[in-house]
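Worksheet: the structure to be examined is printed underneath.
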């Protein structure tokens, strides 16, 4: 059976581990860098890595020798984190891995750190094809497997979730890491309103941090700000995870990353999954924070698939995105599943009852138990009003949308005309995609965005495509906001379609022909903002 020694050194934690596939046992030895003040300084982190990596590797080798004898005979491969991360730290860990592989005369495996966060949860849960939420210091994204790669279904458009929280705690004067301190203070606080920024399945944290700092400076008790911070950020992560489950039809969620150690976040995600009838797996804390155990486990899967790397090709990649990794170790089904066609459907936000014979659809935005009641009530009412208003506005602009028959914002209830025969996810065609491009161009020309134009929010009829669910839409004259509409649609296509390239080209061509080409040009700039672009 396979036995792999893994080395982790992406940023702050020097770690070495041994994974024995026969027993599924994982030995981990770690030495984390703790700055004297402020956040992580790359030079100091690299100095720590230089001192700590040899000692954790030695501990791993001692473990091998005491259990299986000579490491040269007992170890099948050495795996290391190639990225993403801090370049100086990655290079130290990479050098150690190359040297050790040479000493042991065994193959070298280069692992993507973020995919390892996903795979350790999938490995230990036994899930077939889950959606994964990674919530760590420098990252926040939702992934799903499709056609040989993990696709980014949603991600932060600015800073990582942990780094965002740390920026607030440094402003307050607390030492690193800030997350546990926010969690502790939030227990004694009352909710305060902060910006809630979800765009399709992407999110942004910079505005929340600025508002939290301002609230603290204005005299709001720090415990209250911490409570508002947790309730807002973690509700965003839970909502986007639910949107990904709804988009793909998946019923499994795995969670990774150090921020996921937060008990309130785990509670929110568990409540969300229970309400959907989905299974959730949160690894034990030693596998959530940065660790070499996940590197060794994924390294073993890659080694068994023949996915090894030569020394000349083993350079580190500080900007190594998870969707760049060819997934050589699995060939099972994609995360995208068939969409139910029964008369009652559960989306990310609402339950929809369909009366096809009567030509009506009743949509109810249900209370979300995972969200703070004040936040939940505000979002449900706002989104119901926006959906009714913008659905009708789009129709006035010549965009095919359902007629709104009734609306009750306080109850989160709308009654619509039943339109289309299927949603775009199951009836994908170039002509329908072109319709979406033209429809969004018309909305933008009238000064508003859809907000969540995924394939699930497009209904396809015999001769046209209809836009539905404008709940995240709003009035705006910003090219940035128009381009985000395009980004959301293309990201959802990329995560669920077998070959999205032709559809994306048709979509952009149609948008350019009917709208402002500057929006498509701005889309290219937005695409550089995702983590490690």
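Including glycine, each Cβ sits where the backbone N, Cα and C put it.
Here Swiss-Prot flags 452 as active site, proton acceptor, drawing on sequence analysis. The annotation Fe cation binding site is assigned in Swiss-Prot to 113, 117, 290. Residues or ranges marked as L-threonylcarbamoyladenylate binding site in Swiss-Prot: 134, 135, 136, 137, 138, 166, 179, 183, 262. Taken from Swiss-Prot, the feature ATP binding site applies to 345, 346, 347, 348, 349, 350, 351, 352, 363, supported by sequence analysis. According to Swiss-Prot, the feature domain 'Protein kinase' maps to 338-533. Per Swiss-Prot, the feature region 'Kae1' maps to 1-329.
Here the features listed in Swiss-Prot are painted onto the structure.
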residue : record                                    : Cβ contacts under 8 Å, 6 or more apart
113     : Fe cation binding site                    : 8, 10, 81, 82, 83, 84, 85, 290, 295, 320
117     : Fe cation binding site                    : 132, 134, 136, 256, 257, 294
179     : L-threonylcarbamoyladenylate binding site : 162, 165, 166, 169, 258, 259, 261, 262
347     : ATP binding site                          : 246, 456, 469
349     : ATP binding site                          : 365, 366, 383, 471
452     : active site, proton acceptor              : 199, 200, 243, 469, 471, 472, 473, 488
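The CA atom of residue 351 (ATP binding site) is located 35 Å away from the CA atom of residue 138 (L-threonylcarbamoyladenylate binding site). A distance of 37 Å separates the Cα atom of residue 363 (ATP binding site) from that of residue 138 (L-threonylcarbamoyladenylate binding site). Counting other Cβ atoms within 10 Å of each Cβ, the binding-site residues 138, 351 show the lowest value at 351. Fewest other C-beta atoms within 10 angstroms, among the binding-site residues 134, 262, are seen around 262.
When secondary structure is read from DSSP and collapsed to three states, residue 351 (ATP binding site) falls in the strand class. Residues 113, 117, 290 make up the record's Fe cation site, and a Cβ search at 8 Å around their centroid adds 8, 10, 81, 114, 116, 136, 256, 257, 291, 294, 295 from the same chain.
A helical conformation is recorded for residue 113 (Fe cation binding site) in the three-state DSSP classification. Within the model, the region 'Kae1' (1-329) carries an average pLDDT of 94.
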